[in-house]
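Right, one structure below, let's go through it.
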Amino acid sequence: MEKFFNIVQSVPLNHYILLSCILFSIGVIGVLTRRNAIVIFMSVELMLNAVNLLLAVFSVFRNDPSGQVFVFFVMALAAAEVAVGLAIIVMVYRNTSSIDINVLNKLKW
Amino acid sequence: MNTLIVISVLPIVLLYLGLYKAKNALLPVTIVGLLVALGLAVSQWNVDAQPIFSGMMLFDKYAIAFSSISILSTILILALSKEYFERISSHVAEYYAVILFALAGIIVMVSYHNLSMLFIGIEIMSVSLYILAGIKKTDFASNEAALKYFLMGAFSTGFLLFGITLIYGSSGSFDLDVIRDWALTHTAKTVDPMFYTGIMLMIVGLCFKVGAAPFHFWTPDVYEGSPTLITAFMSTTVKTAGFAAFLRLFSTCFASLADLWTPTLMVITVITLCVGNVTALYQQSFKRMLAFSSISHAGYLLFAIVALGINSGNSVFVYATAYTVASIIAFAVLILVQQQSGNDNFESFNGLGKRNPFLAFVLTVAMLSLAGIPLTAGFMGKFFMFGGAVAKMQIWMVIIAVINAIVSIYYYFKVIIAIYFRDAERAELVAPGYVNVVLGLSVVITLVIGVYPNLISNLIP
């Protein structure tokens, strides 16, 4: 484990932050531009995983385990969200035979 | 702490009751359980609060006050739910259980002392609400509301988490006290850009959750599509809890760096007020009007955070109480009217004053309270909010807010005009006894707080 931490720390912290920001931005752009509910959902997962990566890296660089514990919470939450989210998407698909979010325009302002 | 345990165990008991087909016991058990939880919360009032569970939660007076108002409003909303869920589906126990799971999340949200508990609380609440928004499985509007709420909620969680991570990265801890101490050693000029970005991302995430503009676009659709009772829960209890969490974070951790984030929040507040009020003006549906009015009330509640001071907690508490009871009245009457006329347009309220004088009176009081007319709780809420902002010399913000309050009178009075001055040939509404009890209690709370605001305005030290 000590050796692994040393390997992680051999890369400067800024590079990790930059990588996470790029991953997070890809996720945000995916949510904003895609029209398929499943793909939007995948983009959200990408955002969460960018956060997980950054949390793990901070945790190693600061020698503080609480960041890694937080990652477990995020993963558990992501699993719960997958369960509920896919159920909602299936429910919508049964009623509309589509998961394109442009179909969802009944409620308008 | 016992409150949280009771509220977490109660839904599991309810699921067992559902399993053994004890349908008539569901509502009494829920209400009794919540009253026990409320009593346990209030009994902690004079105890000197220390962080518990290794510094994860802190049940101080702030947490107890907001837990109590959340539990009370949930009791009022559940009292309206008799026979409501039965019409939607035969699996009733699950709905009570999921609402109580959401309430457990809310209790965590108002009493966290560590950012991980903030995150977990928000998510317990949100995931339960995604389910509740879509409980009408074959109704297209409900489906759409659930999917929109789910996608937007998950999206905003990403921002909140990224903000938490950046704050962790710069301060080295999730604990609120450690973050506060870290922030105290820095000034607005010398603070880490990572910390600054973290605060901004948390503002984005939390504004999504409370429905403040420009992150409000999901609110009207979700509020309109969800079943009315769930909308009532979302726009009262959930919104109160969101603001309690928002204020707890900013007043504990980031108060010393107020120069950094106040300008951003000021812009958000002004946009929220204007968007909410102006869009509400030309709504035809009462339910959608309430959704936009809840956006504008989010704007007034943001005042407490913009003008952060020792009284912010109290003003949010008074405002949230006033807004909660008035909204519960509005939604309760809407449910009755909706059952009769089949839609939720303003015309459905025509002639209510002649047919149901009591319903018309309580709805009028609720509208006056939401508009902020004196002698109602809504006026006192606005008074404390604006007082705090004036004390912080933010005069132009108060001017914009007062103009918005005047604009809002127009659409609230549209309802009152429909009730008393328009006629329609309809049968009298039959309001069940428990609805009358809820309405009567809410009106009494609204008027009492409007006349004697000191009863609750000095609770939080």
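Cβ atoms here come from the backbone N, Cα and C positions, even for glycine.
Lifted from TrEMBL, the feature list:
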- B:114-406: domain 'NADH:quinone oxidoreductase/Mrp antiporter transmembrane' (DOMAIN)
- B:25-42: transmembrane segment (TRANSMEM)
- B:62-80: transmembrane segment (TRANSMEM)
- B:92-112: transmembrane segment (TRANSMEM)
- B:118-135: transmembrane segment (TRANSMEM)
- B:194-217: transmembrane segment (TRANSMEM)
- B:229-249: transmembrane segment (TRANSMEM)
- B:261-282: transmembrane segment (TRANSMEM)
- B:289-310: transmembrane segment (TRANSMEM)
- B:316-337: transmembrane segment (TRANSMEM)
- B:358-381: transmembrane segment (TRANSMEM)
- B:393-413: transmembrane segment (TRANSMEM)
- B:434-455: transmembrane segment (TRANSMEM)
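Counted over residue pairs separated by six or more positions, the transmembrane segment (B:358-381) shares at least 3 Cβ pairs under 8 angstroms with the transmembrane segment (B:434-455), which defines the two as touching. Using a Cβ-Cβ cut-off under 8 Å and counting only residues 6 or more beyond its ends in the same chain, the transmembrane segment (B:25-42) has close neighbours at 2-3, 6-7, 10, 13-14, 17-18, 59, 64, 67-68, 71-72, 74-75, 78-79, 81-82, 92-93, 96, 100, 103. Distant neighbours of the transmembrane segment (B:194-217): 122, 126, 152-153, 155-167, 169-171, 183, 186, 239, 242-243, 245-246, 249, 254, 257, 260-261, 264-265, 268-269, 271-272, 274-276, 294-295, 298-299, 301-302; these residues of the same chain sit at least 6 beyond its ends, with a Cβ under 8 Å from one of its Cβ atoms.
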